[in-house]
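Feature annotations, courtesy of TrEMBL:
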type	residues	note
COMPBIAS	640-649	compositional bias 'Basic and acidic residues'
DOMAIN	70-109	domain 'EGF-like'
DOMAIN	359-605	domain 'G-protein coupled receptors family 2 profile 2'
REGION	625-649	region 'Disordered'
SIGNAL	1-24	signal peptide
TRANSMEM	361-384	transmembrane segment
TRANSMEM	396-413	transmembrane segment
TRANSMEM	425-449	transmembrane segment
TRANSMEM	469-489	transmembrane segment
TRANSMEM	509-533	transmembrane segment
TRANSMEM	553-575	transmembrane segment
TRANSMEM	581-604	transmembrane segment
Amino acid sequence: PPGPLLQNPTIGLCFLLSLYGAVTQKTKTSCAKCPPNASCVNNTHCTCDHGYTSGSGQKLFTFPLETCNDINECIPPYSVYCGFNAVCHNVEGSFYCQCVPGYRLHSGNEQFSNSNENTCQDTTSSKTTQGRKELQKIVDKFESLLTNQTLWRTEGKQEISSTATIILRDVESKVLETALKAPEQKVLKIQNDSVAIETQVITDNCSEERKTFNLNVQMNSMDIRCNDIIQGDTQGPSAIAFISYSSFGNIINATFFEEMDKKDQVYLNSQVVSAAIGPKRNVSLSKSVTLTFQHVKMNPSTKKVFCVYWKSTGQGSQWSRDGCFLIHMNKSHTMCNCSHLSSFAVLMALTSQEEDPVLTIITYVGLSVSLLCLLLAALTFLLCKAIQNTSTSLHLQLSLCLFLAHLLFLVGIDRTEPKVLCSIIAGALHYLYLAAFTWMLLEGVHLFLTARNLTVVNYSSINRLMKWIMFPVGYGVPAVTVAISAASWPHLYGTADRCWLHLDQGFMWSFLGPVCAIFSANLVLFILVFWILKRKLSSLNSEVSTIQNTRMLAFKATAQLFILGCTWCLGLLQVGPAAQVMAYLFTIINSLQGFFIFLVYCLLSQQVQKQYQKWFREIVKSKSESETYTLSSKMGPDSKPSEVMKRKY
């Protein structure tokens, strides 16, 4: 109680002293609970030190489990501005700015933190300025050579490779010579649209024994050990040059790679890069360099990849894999190891799929059977006068197109040389198969109109319209399609292993697009025909002839599923576990399409059967008369008919 305390000063003094000690102890305890990189404020709260921020974002906090994290001043939202020609580097609790190569502070310091008081200035060394000018001259000269079409067009392949080798070596030598003239400029970078160059000069004789230099130009990089650059030379500076050529690969392309399989479509999928060291031009290394290339085209990992270098031989130069090995590849980059220095690139091959011998046999046997059946069917449609009508004309044109397409496929699909002939074969196959599918579409339309005729009284006008449009559509539409394709992409007819259409630039869709549209339309017409027949069958009376005709039409409509190309949809189902089964079904059914045409339109037709019987009787009669005449001539003119018959039998 306050009363006794005020009445007794000694007791009051002791109380105040104890209260002060308790408060002091409490304050010390609060400061002791601040996390690392934090300080006490007013003996009651904690705050993070400069260069750190609390996890909760609060400036003052008392929560004992709060943390103080480093602030990266070099990224948003802080983004410290170091001024022109300088870059920001973050460190724990702070940051610093550093001038880019070729620039320095007026004070001579390498680092600074206040851009208002420090400005990176271009070095005033006349040697450095002259070095950059020399590099620019080298770049400009190379660009003029690259764009000199006369130089490259008038030379043969061997002369082109030799000229390219001379240019590559000349650029490397001049770049190294320029870098060594200005050793105080440790890093030099320059580029234009055609070439990019980076050089680094070593003057400390590799103070760090295992130090590795990394050079980057145009998204390509190289890692090389310092000891391989100086090569034990301690008398003067050494230099490494890394050069990337943007479009030089169009000249020294994949045609200079002679180790490839002729069936593989090989192409250059990186920029050409060169690496050289000086003053000693030793190309052998104690440890392989690592080269990383950015792809020109993004590619899946299923293709063959070759790490190659430009190798000089007695008969010119060519790409070679000797001493270069693939380390890793993804869709955007390829990483290679090479045991020497030279000019490098990445080659890729579109590998041809391995053929299934069973599918090949099925294809050739099926197409051979179809050829025989199509020939017999075409002769039947031409010679059998009793069945000639609009429907027969459609069958005849479809048979002729398929016969020619299959025949050309069997004899010409593998004739890849000469290339001009292969392109012509590919174009002809493109047209013939498109024409065949167009006639399949016309067959589907005619079948639908025939089924519809069961419920429509007047059909003659539709039949006349069909006769008028079928030839312009059947042969004209495919001709226009192929003409546009050939005029737009003539180089995409014929591949390295087949005289067919290239997969590049989606060119295959000039065939697959119309085919998919046609068999989809025929599938719809097929369903409509069945729907019409179902309605007709349900409303028929007991008239036998009508029932028989409708049932025959239903059977033929079912067989049309194979004739109209609807089974080509099996090609779209060749994915997943059932891919192999679908491949066999697709090959068997579609290679026998000619057999189905002969079966449905000839063997199962009553009119054709009667005509076949008539022809057979005439052949037998003609043969019998021929034999009788032969025997009669042998017996002599005076022989009686009875004697002739006795001799015959």
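Glycine is treated like the rest: Cβ placed from N, Cα and C.
Just going by CB pairs under 8 A, the stretch in 361-384, 396-413, 425-449, 469-489 that sits most against the transmembrane segment (581-604) is 361-384. Counting same-chain residues at least six beyond the ends of the transmembrane segment (361-384), those with a Cβ under 8 angstroms from any Cβ of the stretch are 392-393, 395-396, 399-400, 402-403, 406-407, 409-410, 584, 587-588, 591-595, 597-599, 601-602, 607-608, 611.
Looking at the domain 'G-protein coupled receptors family 2 profile 2' (359-605) alone, the prediction's average pLDDT is 82.
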